[in-house]
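J.: Among the features that Swiss-Prot reports, substrate binding site is placed at ASN190, MET219, TYR248, HIS284, SER304, ARG305, GLY306, ASP345, GLY346, LEU347, ARG348, GLU384, TYR411, with the record citing sequence analysis. What Swiss-Prot records for HIS388, HIS452 is Zn(2+) binding site. Taken from Swiss-Prot, the feature [4Fe-4S] cluster binding site covers CYS532, CYS535, CYS540.
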Amino acid sequence: MQNIKSFMQFPASKKVYVEGSRPDIRVPMREITLSPTKTETGIIENEPVRVYDTSGPYTDPDFQPDIQKGLPPLRKRWILERGDVEEYEGRPVKPEDNGFRNGKQSEITLPFERKPLRAKKGKTVTQMHYAKRGIITPEMEFVAIRENIDPEIVRQEVAAGRAIIPSNINHPESEPMIIGSRFHVKINANIGNSAVTSSIEEEVEKMLWAVRWGADTIMDLSTGKHIHATREYIIRNSPVPVGTVPIYQALEKVNGVVEDLTWEIYRDTLIEQAEQGVDYFTIHAGVLLRYIPMTVNRTTGIVSRGGSIMAQWCLAHHEENFLYTHFEEICEILKTYDIAVSLGDGLRPGSIADANDEAQFAELETLGELTEIAWKHDVQVMIEGPGHVPMHKIKENVDKQIEICKGAPFYTLGPLTTDIAPGYDHITSAIGAAIIGAYGTAMLCYVTPKEHLGLPNKDDVREGVIAYKIAAHAADLAKGHPGAQRRDDALSKARFEFRWNDQFNLSLDPDRAREYHDETLPAEGAKVAHFCSMCGPKFCSMKISHELQKTVREEGMKQKAKEFVENGSSLYR
């Protein structure tokens with residue numbers, strides 16, 4: 001892996017911290033330094049621009065990263081001082097946790113020495129539990145500063161179930177963030193190995209790469225060997241919440257034979273991942289036996305991996321989905337560690353032909369029912385959504401979700417707005433993501449150019465994250481989120497003043513912006529030129545606008561001088 005600190009840095013940027021009500025609440029931000037504006041009358045300084053920062057300690061000059069040691073436990077003191085958790089031995093790691101059986105063992109030895117925490121008997125340790133009792137936790141204050149919003153609003157939104165702060169007590173390394181319609185639209189990046197490709201180092205590097213470009217959460221969707229070890233390395237080194245789909249690992253434990261899945265194996269997998277520090281689980285508890293026939297005449301059937309696994313299990317056993325029948329027990333586990341549940345849309349449409357159909361909305365009704373059960377346990381909930389939806393059908397998805405799930409945060413995969421662009425589905429889906437985000441969706445799951453084609457690599461992760469940062473920011477602008485437009489205004493001003501380096505540095509992808517500019521005008525002098533290669537020096541509209549403004553100012557001065565003479569050379573009448 002290349003030097004972490006070097007590839008995590010952004011140009012003309014520095015890490016700054018805003019301190020809260022206590023010294024250990026230090027909220028990170030990235031401050032972008034701007035060059036001054038040069039005018040005919042002198043120099044005007046431009047204030048630096050502070051932006052939301054997901055890069056964690058990796059961009060702090062005082063921090064020396066070591067993947068073998070992980071990140072410092074930022075939240076550990078906050079967790080322990082509440083007095084409602086206890087340390088315990090935890091379950092031993094088994095060969096099948098890493099995909100091995102028949103006596104074989106993983107050759108990977110984990111370097112992290114830690115014992116897991118859990119709630120003391122009779123205690124609930126979720127942020128929702130505290131919020132309902134009127135407590136503003138350090139985590140809530142942290143996100144309030146990050147979002148430039150009052151901490152009491154954060155508490156109210158979490159208490160009402162309209163926002164979640166994913167924060168497993170066994171992932172103290174994560175910096176608190178919030179998912180809800182009143183806050184910045186967040187994005188998730190999926191990573192993870194498969195049975196045919198990738199390694200632990202590659203997945204850790206993908207995680208770092210994703211948070212460098214702005215991913216707010218990570219989902220580890222590993223399905224190959226070393227699942228447990230891969231996840232441990234990712235969590236210990238992740239400054240953002242980590243989610244998983246536990247049914248994937250449970251299926252690996254039975255060698256991929258769906259019929260052999262049991263509640264006991266799934267429950268053991270939940271506890272295994274809870275002890276590691278997974279912050280939210282996608283659980284496909286809404287795929288009910290009676291809904292499966294509704295998918296038979298679909299163009300693309302059931303496209304969710306988790307949904308198809310549970311549908312196959314239900315049909316094989318002629319029984320109801322065990323995730324549904326054991327949901328109360330699942331909530332008992334979740335509230336013991338403060339793991340949020342992301343209620344999976346196992347029957348989401350996989351083509352625009354199937355959008356908003358009977359199966360999709362039948363499952364949504366069940367997710368609404370499960371939301372209320374989770375809230376009864378003070379478990380934080382978000383609802384997963386589609387998928388593939390043409391633009392004119394997007395609003396109906398949001399309206400139904402808000403009504404049925406009582407305002408629980410909506411978390412959507414796109415949606416893709418057309419099916420004809422394999423290789424460009426980061427674009428087809430970012431269109432839908434911007435629209436659904438503007439309507440109130442709280443988090444957008446990115447789609448990479450490799451969607452439907454293969455496992456994304458590091459470059460695909462970058463493309464997907466940037467596409468979705470654009471969509472999320474566009475949605476923030478549409479929602480009128482406080483301060484969202486400041487970066488746009490700063491970049492527009494830099495563009496009009498031909499401050500090329502400031503334009504690059506204020507952009508979501510400074511490297512790409514600089515690279516494209518320098519393909520045709522690489523000389524350093526071009527960074528102050530009043531034109532680019534698109535129009536050249538004679539046809540640049542902004543250069544012409546400057547000349548027009550200068551002319552108007554000069555004409556205005558001439559007019560004022562004329563009025564001065566006509567008024568008897570008196571300043572006052």
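Keep in mind that glycine also has a Cβ here, set from the backbone N, Cα and C atoms.
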J.: Provide the three-state secondary structure of GLY306 (substrate binding site) computed with DSSP.
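T.: Its secondary structure by DSSP: helix.
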J.: What whole-number Å value do you get for the CA-CA distance of ASN190 (substrate binding site) and HIS452 (Zn(2+) binding site)?
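T.: The Cα atom of ASN190 (substrate binding site) is 14 Å away from the Cα atom of HIS452 (Zn(2+) binding site).
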J.: Applying a 10 Å Cβ distance cut-off over all chains shown, what neighbour count does GLY306 (substrate binding site) have?
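T.: Other Cβ atoms found within 10 Å: 24.
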J.: Quick one: largest C-alpha distance among ASN190, MET219, TYR248, HIS284, SER304, ARG305, GLY306, ASP345, GLY346, LEU347, ARG348, GLU384, TYR411, binding substrate per the record, in angstrom?
T.: 20
J.: Reported as an integer number of Å, what is the Cα distance between HIS452 (Zn(2+) binding site) and GLY346 (substrate binding site)?
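T.: A Cα-Cα distance of 17 Å.
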J.: Whole-number Å only: compute the distance from the Cα of SER304 (substrate binding site) to the Cα of CYS540 ([4Fe-4S] cluster binding site).
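T.: Roughly 49 Å, rounded to the nearest whole number.
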J.: Measuring Cα to Cα, tell me the gap between CYS540 ([4Fe-4S] cluster binding site) and TYR411 (substrate binding site) in whole angstrom.
T.: 42
J.: Run through the Cβ atoms and count how many others sit within 10 Å of the one on TYR248 (substrate binding site).
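T.: Its Cβ shell of radius 10 Å holds 19 other Cβ atoms.
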J.: In sequence order, which residues at least six apart in the same chain have a CB under 8 Å from the CB of TYR411 (substrate binding site)?
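T.: Spatial neighbours, sequence-distant, of TYR411 (substrate binding site): ILE179, ASN188, SER342, MET382, ILE383, GLU384, GLY385, THR441, ALA442, MET443, LEU444, CYS445.
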J.: By a simple count, how many Cβ atoms lie within 10 Å of the Cβ of ASN190 (substrate binding site), its own Cβ left out?
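T.: If we count other Cβ atoms within 10 Å of ASN190 (substrate binding site), we arrive at 23.
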J.: Taking ARG348, HIS388, HIS452 as the binding-site residues to compare, which has the smallest set of other Cβ atoms within 10 Å?
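T.: Fewest other Cβ atoms within 10 Å, among the binding-site residues ARG348, HIS388, HIS452, is found for HIS452.
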